[in-house]
Each structure stands twice: as C-alpha cells, then as structure tokens.
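Shown next, in structure tokens, is the structure this report addresses.
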Amino acid sequence: MAEECLVSRKKFGGKAMEVRSEMWTGLDLCSQGIKNISKSLFDMRFIRTLNLANNEIEVIPREICNLRHLEVLNLSKNKIRSIPPEIGKIVSLRELNLSDNLISNIPMEMGTLYNLEVFEIANNPLIVPFNTLIRDKKLLQFCREHNTGYPPPNDRLWIECTGKNVFYGDTVSVGTFNILSNIYATRMTYAPSWVINSEFRREGVLQEIVLYNVDILCLQEIELYSFFDFYKEQLEMRCNYDSIIYPRGRVKSVPDKKNVDGCAIFWRRSKFRLIAQFPIDFHQKVIQDTRFNTNQELLDRYGKKDNIAIGALLERPNGQQVLVMNTHIFWDPDYPDIKLLQVLLLVEEIKRVSSRHPNACLLLQGDFNSLRSSSVYKSITTPVIDFADFGDTMQHLSNQQFGDGLGLNDAYSNQDLGFTNFTPGFKGVIDYIFYGGGISLASVLSPVEDEYTENVAGLPNMHFPSDHIFLGAKFAFPNKNISQNAFGRNSRQ
C-alpha cells in the first residue's frame with residue numbers, strides 16, 4: 001500500500017493535501033513564508049528532493065533524518081542557526097544547500113555524508129576552523145576524520161539459555177566473525193581514514209578475538225598475508241590456537257595471491273586436535289557437476305563467483321569429534337538463486353562428511369549473506385529444502401536429487417539480534433551459528449543495542465573494526481556415552 005502523508009494546514013499556510021508516494025518524489029515549498037516545518041513532512045520517506053529555500057525557518061527538526069531516501073535538500077535563504085547532527089544519517093544526500101543562513105558551527109556527523117557531491121554553505125558566519133575549511137573544500141573530510149563524539153556501546157555479555165540437560169558435560173565456546181577484507185574496507189568512505197586503516201582495524205579485530213577467547217573460531221574475509229604474517233602467530237601466542245585457512249578461488253589466477261581473502265578456522269589446541277580438513281570451492285563443484293555443467297544459462301549466471309567453505313574435523317581428548325564448517329556465501333541480493341545453490345552444495349558436502357563420522361557433533365558458522373526469510377536459511381534450519389529462491393533461471397534444479405535440508409538449530413533464534421552487518425545501506429542479520437548432533441545451547445553473546453546504532457551511520461567505526469559484529473555461543477557437549485547424530489536430537493533430550 002502506498003504511503004499517505006498529510007501536510008499540515010496550520011504550519012504551511014495552505015490547504016491540506018493528501019499525497020501518495022507513487023504520484024511524485026519531490027516537494028517544492030520555496031518562498032512560502034514558512035517558519036516551522038511540520039513533523040508530518042518527515043513521514044514522507046519516499047521523497048528524494050525537498051526545496052524549502054527562501055523561507056523564515058529557524059530550526060531544522062532532528063526528525064529530518066527520517067527522510068532516508070532524500071538526495072537533494074535546499075534550505076538556503078532562511079534563518080537557520082544550527083545543523084542537527086542527525087542530518088548525517090541521510091547518507092543518500094547528493095546535494096545540500098545551506099547558503100545564506102546564520103550557521104556558525106558544523107557538526108562532525110556531516111562527515112558521514114559520503115555521497116554528497118554539492119555542498120553549499122556560503123554567506124554564513126562560520127567560525128574557525130570551518131570558515132577556512134570550506135574555502136579549501138576540506139570541510140567534509142575534516143568532519144569525517146573527527147566524527148568521534150558518540151558514546152561507546154554497552155559491554156556484550158554472555159546470556160544464559162534455559163534447558164541445559166543434566167546429562168551434559170563441559171561447555172565449548174565458539175565464535176564467528178567476518179573481519180572485513182582490507183580491499184573492501186577502503187571502499188567504505190563514510191568512515192574516517194584512520195578507522196579503515198589496516199593496522200588500526202587489525203589491532204581492533206585481535207582485541208575482540210582475545211576478549212571473547214572462544215575455543216573454536218571461524219573468520220571470514222581474512223587475507224592470506226594477514227593470516228600468515230599476523231593472526232596465526234598472534235592467536236597461537238595469546239589464545240593457544242591451531243588453525244587452517246582456505247582462500248577464495250581467485251588465488252589460482254591472480255598474481256598478488258597474498259591479498260586474496262578466505263575462510264579460516266582456529267581451535268584451542270589444549271581442547272582439540274585436527275583429524276581432517278575439507279576445502280570446498282563452489283565454482284569448481286558447479287563446473288564439474290553434470291547436474292549443472294551442461295546448462296549454459298546457469299553457468300553464465302554463476303560466472304566466476306569464487307565463494308568457498310572450509311571444514312575441520314576436530315577431536316577432543318575423550319575421543320569426541322566435532323565437525324566445524326565455515327563458509328562465506330555470495331553477497332549480492334540480486335542473486336538469491338546463486339546463494340541457494342552454493343548452500344545446497346555445502347549441505348551435500350556436510351552430509352557426505354557426516355556419513356563417514358556419524359557420531360560427530362556439527363557446527364556450521366559463517367557469513368551467509370541471507371536473511372532468516374530466505375531459502376538459504378530455511379534449507380539449513382528445516383529438514384526440507386526450500387527452492388523458492390531458485391526463480392525461473394534455476395527452477396528446473398528443484399527436481400534434482402538434492403535430498404533433505406539439514407534441520408540444524410540457530411543459536412540466536414530466540415534472541416532479538418537486530419543486526420550482524422551494519423552499513424549505511426543495510427542493517428540486518430546475515431551471519432549465523434548453526435548447530436546439531438546432540439549438543440545443547442548454554443549461552444550466547446549479547447547483541448549490540450539498537451540505541452548505539454541510532455548514533456552512527458554504519459560500521460566500521462572507532463568501536464567496531466568491521467562492518468560485521470562478532471557472534472559467540474557456548475554449547476554443553478554430551479557425555480560420550482550418550483548416543484547422538486548430527487541431524488537428529490540427542491536420545492535423552
């Protein structure tokens with residue numbers, strides 16, 4: 001249903017109008033003698049252009065940040081004395097005109113307007129250093145570099161989960177973290193340059209890992225050089241970790257292999273030893289599988305997407321085995337069919353390995369780039385494969401013998417997680433910790449509170465080294481004499 005918004009008759013001085021978003025995308029209220037902006041205006045979240053020039057406006061309401069699709073804003077020739085910090089949340093802005101007002105100060109939050117191409121603020125009594133910075137066209141850069149006035153988030157705590165089985169033994173803690181490849185970080189121009197600096201972020205990532213100090217850790221977007229030159233040694237020394245890494249498929253073709261990122265698994269050597277590892281290159285599986293490699297339309301759509309997964313079969317001192325799978329699924333929301341295909345190939349590999357190790361518990365972690373409403377999520381958390389996201393291009397594949405879904409549990413299914421990935425253009429849950437094989441969820445790491453995200457445009461920032469957050473869970477492992485199966489419930493539960 002189209003949004004309906006009412007322009008206040010009292011505030012704007014004209015006849016009240018009912019307007020619908022499909023009718024227009026801009027609003028011109030220039031030279032209307034307006035003194036106050038009606039709050040109802042900020043319910044028109046569909047508008048892209050707003051002209052309020054040449055009026056008598058003294059205050060810009062902080063609710064202006066609700067206009068998240070606004071691209072052009074003209075407030076020139078008014079009596080405005082200050083800019084609300086909330087304007088920095090309108091990251092879609094491309095043109096902003098605040099000329100001919102009474103503005104003396106600039107909020108540092110303006111630095112997050114990374115799409116801003118035209119910024120006019122002439123004929124304002126700007127104080128030092130803003131008057132000089134605007135002349136040298138360095139004002140927004142200055143704001144971006146000094147945008148540090150927001151408070152830190154609350155400490156994240158372990159939240160206990162009810163129903164721990166009395167027959168269970170000790171607990172094992174696990175975590176997953178997409179640490180943001182340095183190549184991708186440099187594209188996040190809404191963040192200060194010192195925030196996306198590779199050494200600054202590297203230390204921040206290390207601090208988070210050491211802080212939570214889990215027994216099994218899965219990392220995504222970790223470059224080969226970062227792994228071998230830094231994380232492997234540092235985490236061996238600080239957390240007593242052993243580790244393996246598997247890079248993206250492009251490592252076979254690019255000359256600068258050290259910058260290729262991949263997935264890595266770390267485990268505490270005092271609690272586990274490596275029995276076997278299982279690298280998975282989804283692209284290679286597609287081009288080698290007779291179900292797919294004769295379908296040119298499918299091959300063209302898949303292209304050279306080089307997403308991967310890595311598995312590790314770990315064994316505890318008591319002989320109990322754990323199959324840990326870490327994956328990074330394709331990112332583009334326009335390709336839900338490719339995401340589902342990659343996950344179905346992953347599901348097949350998990351079943352193949354699990355059939356050889358039927359008593360192993362299962363942990364599946366990573367960045368799945370998929371919401372809980374997706375076929376990807378449903379195919380992992382239910383016993384039935386959901387083919388809805390295959391669409392027309394790959395619908396014929398739903399008839400192939402993919403078998404059943406995994407029917408795993410989501411460690412955060414009972415938590416209001418809010419987000420695991422937060423950028424100016426997206427905020428949602430796409431990272432997961434799935435588990436099965438008789439282990440029982442004991443606790444999870446608490447979410448980042450929504451109140452914190454209301455003050456920032458996106459991650460990374462000075463408090464978070466990546467655009468993803470660290471997820472953690474603790475599991476109570478069954479005593480070894482209790483029968484279990486990776487895809488079924490414990491016999492005593």
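Cβ from N, Cα, C; glycine included.
Sequence annotations record features per position, and here Swiss-Prot assigns Mg(2+) binding site to GLU221 based on similarity to another entry. What Swiss-Prot records for 23-44 is repeat 'LRR 1'. Summarising the annotation, Swiss-Prot assigns repeat 'LRR 2' to 46-67. As annotated by Swiss-Prot, repeat 'LRR 3' applies to 69-90. Taken from Swiss-Prot, the feature repeat 'LRR 4' covers 92-113. Taken from Swiss-Prot, the feature repeat 'LRR 5' applies to 115-134.
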Number of helical, extended and coil residues in the repeat 'LRR 5' (115-134), per DSSP: 5 helix, 3 strand, 12 coil
Tally of DSSP helical, extended and coil residues in the repeat 'LRR 4' (92-113): 5 helix, 3 strand, 14 coil
Cβ neighbour count (within 10 Å, all chains shown) around the residue listed as 'Mg(2+) binding site': 24
DSSP residue counts for the repeat 'LRR 1' (23-44), split into helix, strand and coil: 5 helix, 3 strand, 14 coil
